[in-house]
Amino acid sequence: MKVIAILFLLAFVLCTMEITMVEAGFGCPLFQFACDSHCRGMGRKGGYCGGNFKLTCICVVK
């Protein structure tokens, strides 16, 4: 029963946290605020630097 509850919780979290990849750059990895500003300018909730060596700007969907 605990396994089912954990799997359900994991599925719920993954469904509520949609992210989309954006082109590399946009301030990453040194200026994460530039990535966040870029994503907000596209109407997203925000953004952060991720991927290998934090070189990719990842935007969080609303």
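The backbone N, Cα and C atoms fix where each Cβ goes, glycine too.
Taken straight from Swiss-Prot:
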| type | residues | note |
| --- | --- | --- |
| DISULFID | Cys28-Cys49 | disulfide bond |
| DISULFID | Cys35-Cys57 | disulfide bond |
| DISULFID | Cys39-Cys59 | disulfide bond |
| SIGNAL | 1-24 | signal peptide |
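Here the features listed in Swiss-Prot are painted onto the structure.
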{"residue": "Cys28", "record": "disulfide bond", "DSSP class": "coil"}
{"residue": "Cys35", "record": "disulfide bond", "DSSP class": "helix"}
{"residue": "Cys49", "record": "disulfide bond", "DSSP class": "strand"}
{"residue": "Cys57", "record": "disulfide bond", "DSSP class": "strand"}
Cβ-based isolation winner (fewest other Cβ atoms within 10 Å) among the disulfide-bonded residues Cys49, Cys57: Cys49
Entry from the disulfide-bonded residues list Cys35, Cys39 having the most other CB atoms no farther than 10 A: Cys35
Cys28 (disulfide bond) CB neighbourhood, other CB atoms within 10 A: 23
Cα proximity to Cys49 (disulfide bond), best match among disulfide-bonded residues Cys35, Cys39, Cys57, Cys59: Cys57
